[in-house]
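J.: Supplied in structure tokens, the structure appears directly below.
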Amino acid sequence: ASFBZAPPGBSKAGEKIFKTKCAECHTVGRGAGHKQGPNLNGLFGRQSGTTAGYSYSAANKNMAVTWZZKTLYDYLLNPKKYIPGTKMVFPGLKKPZBRADLIAYLKESTA
């Protein structure tokens, strides 16, 4: 199922998902440093593998996907399938509502 068919996202629920599943490796605040994964500030509209100061896998750089709701929705289902060779070890979010909630949170927190 595509993002067009996804339930409306709840950013409060998405914040909880981020804190429990993403914050170990990612930050969202402007000027926050990189952790195991890159800082996600300015995520929407950015091409994969282009955050300054972060060492990406060749797979992320070569994929050249532009991050938006639709691409994140598909990526977050199974990151390793979407970008084979990515360094991201997270297995993904199988529930459509979890992905929609996380995307709603990321849209607010990374703008």
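Please read every residue number as a count from 1 along the shown chain.
Here the Cβ of each residue, glycine as well, is placed from N, Cα and C on the backbone.
In case it helps, Swiss-Prot gives these features for our protein:
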MOD_RES   A1  N-acetylalanine
BINDING   C22, C25, H26, M88  heme c binding site
MOD_RES   K80  N6,N6,N6-trimethyllysine
MOD_RES   K94  N6,N6,N6-trimethyllysine
J.: Which one of these recorded positions, A1, C22, has the sparsest Cβ neighbourhood, judged by other Cβ atoms within 10 angstroms?
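T.: With the recorded positions A1, C22, fewest surrounding Cβ atoms within 10 Å: A1.
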J.: To the nearest Å, how far is the Cα of H26 (heme c binding site) from the Cα of K80 (N6,N6,N6-trimethyllysine)?
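T.: That separation, Cα to Cα, works out to 17 Å.
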J.: Quick check: with C22, C25, H26, M88 left out, which same-chain residues have Cβ atoms within 8 Å of the centroid of the heme c site Cβ atoms?
T.: A23, E24, K35, Q36, G37, F90
J.: At a 10 Å cut-off from the C-beta of K94 (N6,N6,N6-trimethyllysine), count the other C-beta atoms across all protein chains.
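T.: Here the count is 10.
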J.: Relative to the Cα of M88 (heme c binding site), which of the modified residues A1, K80, K94 has the closest Cα?
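T.: Comparing Cα positions, the closest of these modified residues turns out to be K80.
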J.: With A1 (N-acetylalanine) as the reference Cα, tell me which of the recorded positions C22, C25, K80 is the closest one.
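T.: The answer is K80.
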